[in-house]
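Asks: Let me give you the structure first, and then I'll get to my questions.
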Amino acid sequence: MSSNSSLLVAVQLCYPNVNGSCVETLYSPGSRVILYIVFGFGAVLAVFGNLLVMISILHFKQLHSPTNFLVASLACADFLVGVTVMPFSMVRTVESCWYFGRSFCTFHTCCDVAFCYSSLFHLCFISIDRYIAVTDPLVYPTKFTVSVSGICISVSWILPLMYSGAVFYTGVYDDGLEELSDALNCIGGCQTVVNQNWVLIDCLSFFIPTFIMIILYGNIFLVARRQAKKIENTGSKTESSSESYKARVARRERKAAKTLGVTVVAFMISWLPYSIDSLIDAFMGFITPAYIYEICCWCAYYNSAMNPLIYALFYPWFRKAIKVIVTGQVLKNSSATMNLFSEHI
């Protein structure tokens, strides 16, 4: 972004005839087209990719499992980011102005925080689910049931929505920073200034679950490695049917854990720059240039578009489900009971 200044061609007001209007930074037509394509592609992928995930899991009975219900709910959170957050943030970033009103700015910010925290909660519960599944695959079905999954999903939605609504609709997030907030929030702007206390709470809310997930997945892969060695050592011996079944179940759960582990890592990488930037701004006087802030935001937003790509890369059943949905076979009465899995696990 060192060439950022070369992209700027003019400076004018967002609302030329209104006092207190924000300054609009205009980019060259070519740059604007490129930015709209890049951001628009992310929004479209987040909407339609996650919509495919939700339809796949909810329609095909073979995919009705506690883990997949969590994945579908996670896809719903990412879908809502693509619908309610990314399109409006795209216009704000490219036009450097907010044209949707002050009330919608608050709603947009609230949705941004709520749905992103909802994703984090879902991933944390998925990590716990995978830990139980890999460490004790035969007992797992009795521990992590559909009702338990439903409780996890409810918590993953209710707490973030309550937290986000309470913080942004009461105005407590900028206590002590009212002058700075008034200066930044000119007419045509939608910049949320958060004080140190709330930034610290936000960062702890990100780093603590992240640390828990790292520990869980670290243990998962240690257990998976031990299981793989055990299977390898007993491979030449005659296995009983129960031992063979346990090996197949363990192999399947390890594969699922690997895929969902990639999803967790992608989330961490996407959100880490934004979390660090928030800390720097809160404790060093909001020194981050606007374009750095926008890059951090869009790295985080793009995470909502990544998960469907990860599923398509690692899950053959998801690729098959997409084919069935796109070709219209999903409209057949028998499609819900279709076999999406290969014979070999």
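In case you wondered, yes, glycine gets a Cβ from its N, Cα and C as well.
What Swiss-Prot shows for this protein is this:
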DISULFID  Cys22-Cys186  disulfide bond
DISULFID  Cys105-Cys190  disulfide bond
CARBOHYD  Asn4  N-linked glycosylation site
CARBOHYD  Asn19  N-linked glycosylation site
TOPO_DOM  1-32  topological domain 'Extracellular'
TOPO_DOM  54-68  topological domain 'Cytoplasmic'
TOPO_DOM  90-107  topological domain 'Extracellular'
TOPO_DOM  129-147  topological domain 'Cytoplasmic'
TOPO_DOM  169-202  topological domain 'Extracellular'
TOPO_DOM  224-259  topological domain 'Cytoplasmic'
TOPO_DOM  277-282  topological domain 'Extracellular'
TOPO_DOM  303-345  topological domain 'Cytoplasmic'
TRANSMEM  33-53  transmembrane segment
TRANSMEM  69-89  transmembrane segment
TRANSMEM  108-128  transmembrane segment
TRANSMEM  148-168  transmembrane segment
TRANSMEM  203-223  transmembrane segment
TRANSMEM  260-276  transmembrane segment
TRANSMEM  283-302  transmembrane segment
Asks: Would you confirm whether the transmembrane segment (203-223) and the transmembrane segment (108-128) meet the contact rule of 3 or more C-beta pairs below 8 angstroms, pairs 6 or more apart in sequence?
Replies: yes
Asks: Should anything in the same chain at least six residues away from the transmembrane segment (69-89) have a Cβ under 8 Å from its Cβ atoms, list it; otherwise answer none.
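Replies: Hits for the transmembrane segment (69-89): 39, 42-47, 50-51, 53-54, 57-58, 100, 104, 108, 111-112, 115-116, 118-119, 122-123, 125-126, 129, 146, 149-150, 152-153, 156-157, 260, 297-298, 301, 303-305, 307-308, 311.
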Asks: Enumerate same-chain residues with a sequence separation of six or more from Cys105 (disulfide bond) and a Cβ-Cβ distance below 8 A; give 'none' if the list is empty.
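Replies: Long-range Cβ contacts: Trp98, Cys190.
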Asks: Quick one: pull the CA-CA distance for Cys186 (disulfide bond) versus Asn19 (N-linked glycosylation site), whole Å only.
Replies: 9
Asks: For the topological domain 'Extracellular' (169-202), would you mind checking the mean pLDDT of the predicted model?
Replies: 77
Asks: May I ask you to report the DSSP-based helix, strand or coil state of Cys105 (disulfide bond)?
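Replies: Note: Cys105 (disulfide bond) is helical by DSSP.
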Asks: For the topological domain 'Extracellular' (90-107), give me same-chain residues lying six or more residues beyond its boundaries with a C-beta closer than 8 angstroms to one of its C-beta atoms, as numbers and ranges.
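Replies: Same-chain residues near the topological domain 'Extracellular' (90-107) but 6 or more away: 14, 22-27, 32, 35-36, 39-40, 43, 168-169, 188-190, 290, 294, 297-298.
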Asks: Which residues of the same chain, at least 6 past either end of the topological domain 'Extracellular' (277-282), have a Cβ under 8 Å from a Cβ in it?
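Replies: Tertiary neighbours of the topological domain 'Extracellular' (277-282) are 194-196, 199-200, 202-203, 288, 292-293, 296.
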